[in-house]
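S.K.: In case it helps, TrEMBL gives these features for our protein:
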TRANSMEM  29-55  transmembrane segment
TRANSMEM  248-268  transmembrane segment
TRANSMEM  274-294  transmembrane segment
TRANSMEM  301-324  transmembrane segment
TRANSMEM  344-364  transmembrane segment
TRANSMEM  376-399  transmembrane segment
């Protein structure tokens, strides 16, 4: 028992001596300068990392590393997409295509789509009107009827559409068109056209996004006239990628504002809240910057992990700020830091270590989602310890020093 007590006393004495030495460092002007300089360099590197962060989203990230679906997606990206990337355009209001002027406008739209960058042209287009026109011309020639009324109008006679779709070589067009027969009169309700482009650059998501935007730009010119809409298999991912930066910073700012408001409610001290909020913002920037510089792309999974990590990043700095704020202002800066760090310092280290050990268990899986979460949380815990136990006390000491310059009766050092 005596040996246990002596060990306990020795540990307390060593911890107390370390704390006194550490507080002496925190209140040292040169050490404060080093901490702030390191922080500025850290922020600069983090911001640089954020500016070069790639935005990427792939279905393969949702599968395990040994999944055959990942192999299938790799083959699709490597061999299919660079040679034949497809867009489906749906014509919801074809109107009277027997009118040559209206059909000409539709053909003009098709021509513009076929002349976009990387397009296969007519070779990669499935547009049933071309085969239908050839079929109608062949009928006229065989029957030696010359040009009927519809021909004079320069359009196509949709009343011949059922006969056209029954011919063996044109049967496949049944999957492209939809019509109805009312009082022996055929009305074309809707149909769709497919266009194809090619290019090795299409292996990247930004290039596919550019292609989809070009398609939409042309479609928008004729949207009201023909009720056009364009669909791409990757459209949902491209739209997510395009909106992701905005969604990320809006979510981060909203979360940060909520945390600042909560800190203000409990501490009701503007300088303390500003410092705590700046620390939380710095941790958020650091997490994103480190993830970017270590090769992690921004995607919905990383965004979710980032939002979760913000909640963890608030915890330790908020405790440090609150204990410092509630400590007696009559004491010197050393006493306030001693009281704060002795109350929160060791529990903060325990919490960070236990959280890190818990999330490390996810590394035993081979799912990207789990690995991204582990990486984000480990970065968060390390940055929390640095900011809350090193930077934040140093900033409080600096503010105390600045206030002392305007209050000659106060002292930087304790009584």
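Glycine is no exception: its Cβ is also placed from the backbone N, Cα and C atoms.
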S.K.: Short question: most Cβ pairs under 8 Å with the transmembrane segment (248-268), which of 274-294, 301-324, 376-399?
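M.R.: Stretch with the highest Cβ contact count: 301-324.
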S.K.: When you scan the chain for residues with a C-beta under 8 Å from the transmembrane segment (29-55), skipping those not six or more beyond its ends, what do you find?
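M.R.: Cβ under 8 Å, 6 or more out: 205-206, 241, 244-245, 282, 285-286, 288-293, 297-299, 390-391, 394-395, 397-398, 401.
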S.K.: Please give the sequence-distant neighbours of the transmembrane segment (274-294): residues at least 6 beyond its ends with Cβ less than 8 Å from one of its Cβ atoms.
M.R.: 39, 42-43, 45-50, 52-54, 252, 256, 259-260, 263, 267, 302, 306, 309-310, 313-314, 317-318, 321, 375-376, 379-380, 383-384, 387-388, 391-392, 395-396, 399
